[in-house]
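Taken from TrEMBL as is:
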DOMAIN    35-420  domain 'Sulfatase N-terminal'
SIGNAL    1-27  signal peptide
TRANSMEM  194-217  transmembrane segment
TRANSMEM  224-245  transmembrane segment
Amino acid sequence: ASFLLLCFRTSLVASLVFGLLLQSSLTQLSIITQPNIVLLMADDLGIGDVGCYGNDTIRTPNIDRLAKEGVKLTQHIAAAPLCTPSRAAFLTGRYPLRSGMDAINNYRVIFWNGGSGGLPPNETTFAKILQQQGYSTGLIGKWHQGVNCESRNDHCHHPLNHGFHYFYGMPFTLISDCQPTETPEMDRAFRRKLWLSTEMIGLVTLTAVLGRLIGLISVRWKTLACLAGFSLLFFISWFSSYGFVRYWNCIMMRNHKITEQPMVTDRTMSLILRESISFIERNKHKPFLLFLSFLHSHTPLLTTKKFLGRSSHGLYGDNVEEMDWMVGQVLDAIDKEGLENTTLVYFASDHGGWLERQEGKRQLGGWNGIYRGGKAMGGWEGGIRVPGIFRWPGVLPKGTVINEPTSLMDIYPTVVRLAGGLLPQDRVIDGQDLMPLLRGTVEHSEHEFLFHYCGIHLHAVRWHQKDSGAIWKAHYVTPVFHPPGAGACYDKGFCPCFGEGVTHHDPPLLFDLSRDPSEAKPLSADTEPLFDIVIKKIGRAIEEHRRTLTPVPEQLSLYNVLWKPWLQPCCGTFPFCWCDKESDD
């Protein structure tokens with residue numbers, strides 16, 4: 001009897017152990033607490049530029065593959081319509097005005113590597129939390145969140161001060177000034193005014209000198225010398241910065257060291273891909289975070305010869321297709337190392353495509369599909385609705401499409417919780433953990449309201465009325481398009497956030513995006529029975545939201561965006577800043 005009892009107990013224990021092992025093997029993918037995380041972010045890519053979002057002429061098979069093997073979000077929203085504030089929100093999970101990273105003026109992004117503004121050191125990025133959780137963290141590509149605060153080498157805004165162990169890329173952003181053969185892009189209109197002012201001051205000075213020489217005017221030579229000195233000082237004051245944009249802004253860095261000043265654009269894309277794959281290979285035996293921040297598809301659209309002329313959309317299409325190929329190379333590297341099932345891959349763009357970016361008849365900006373507006377427009381969908389794709393084999397269901405409102409800010413709590421970290425409790429986090437929605441364990445997004453800013457100006461608000469499925473959007477401010485009806489601000493190059501270039505709406509323009517995603521037909525009290533109720537509901541949400549805002553230093557103030565020689569990163573002895581360490585290596 002005791003023998004039988006022993007056998008029974010042994011069998012019972014074995015069954016329990018087997019059951020636990022079986023259950024563990026079936027669910028191990030779903031309980032991985034520290035997956036590798038690869039975040040792929042395009043620059044200025046329109047939602048209409050990608051095959052899986054409806055484009056049938058630009059070929060993006062690798063991005064489409066991500067969507068086929070994972071989850072595609074159709075209402076993925078950037079927190080801002082421009083690079084600097086959108087990326088600040090992405091990194092911190094907070095609306096950019098909470099960190100002072102949205103503009104009070106027309107300078108709405110970081111303008112110089114030698115400026116003093118940037119992502120404040122007291123902000124906690126997801127990279128910093130993952131670093132504390134034992135992750136190897138790397139940023140390859142574009143940063144555009146500032147470099148220094150008070151001295152040339154304090155690196156207070158630098159990626160290594162915000163949770164990244166490794167950085168290779170541009171501390172600034174790619175601009176046409178980086179390509180000597182392209183028309184300068186940075187502050188183009190202001191530069192024209194400076195040249196005109198310089199010419200006028202010089203003409204006045206020259207006329208006065210000639211008049212004095214021929215006796216037409218009696219002015220003391222000392223006065224003329226002062227006038228000439230003023231002319232020279234005025235010219236130096238602005239040409240020392242704007243005259244050398246390529247040297248001051250178009251640089252490449254590895255960690256704190258400058259590797260190219262100015263950057264050699266012919267090899268930039270190859271180096272970024274090489275660095276990304278190398279980071280994966282070096283860190284394959286431990287959890288890692290790779291943030292690959294593409295320079296594609298921002299002007300001047302750096303594209304290798306292999307892809308030139310391949311698309312039917314000119315240089316822009318070639319550039320997008322090259323970026324898609326780079327996505328494929330990164331996915332292949334993940335698969336080659338056997339990391340596919342333990343790696344969460346995410347793809348998005350920082351904001352919508354730039355409609356106004358043209359040179360002659362060449363369209364150099366992206367397409368936003370059926371959505372109205374584009375880059376720099378804080379309210380219209382085309383400026384803020386972006387691709388959003390997640391892939392994690394065995395954890396996220398394949399081929400899933402989610403139409404719920406989500407935000408780039410949601411990446412923050414999602415990856416922090418996957419890494420086993422805790423969200424900061426001393427500040428407001430606006431993002432929501434997406435894993436329940438992505439895995440299908442909940443039906444609706446956690447977002448009830450999303451607030452759409454243009455600089456510090458609230459332009460629109462979205463209300464997800466979950467019980468009815470309606471997605472109401474109220475526009476309080478919209479840009480004035482030029483020419484009228486053109487759909488963009490072609491006269492300015494960017495749509496403004498305030499002033500004469502915008503229209504204020506009272507009552508606001510109201511749309512139901514579930515019925516009118518193109519925002520073509522505004523509703524009114526006459527055409528929509530719920531109009532007054534919706535506007536009041538959104539108005540109360542704005543009041544509650546504003547009560548959560550606290551004053552912070554403005555990182556994009558005029559002083560902070562000005563170029564400061566003592567803050568300019570330099571690989572030589574300032575102002576003789578030139579090096580090419582990649583060629584030396």
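Cβ coordinates are placed from backbone N, Cα and C, and glycine is handled just like the others.
Just so it is clear, the model here is predicted, and its values are computed rather than measured.
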Check your understanding: Which sequence positions outside the transmembrane segment (194-217), separated from its termini by at least 6 residues, show Cβ-Cβ distances below 8 Å to it?
Key -> 224, 227-228, 230-231, 234-235, 238, 242
Point to revise | Positions whose Cβ lies under 8 angstroms from the transmembrane segment (224-245), at least six residues beyond its ends | key: 112, 114, 175, 177, 184, 186-187, 191, 194, 197-198, 201-202, 204-205, 208-209, 212, 563, 565, 575
Study note, to complete from the structure: In this predicted model, the domain 'Sulfatase N-terminal' (35-420) has a mean pLDDT of 96
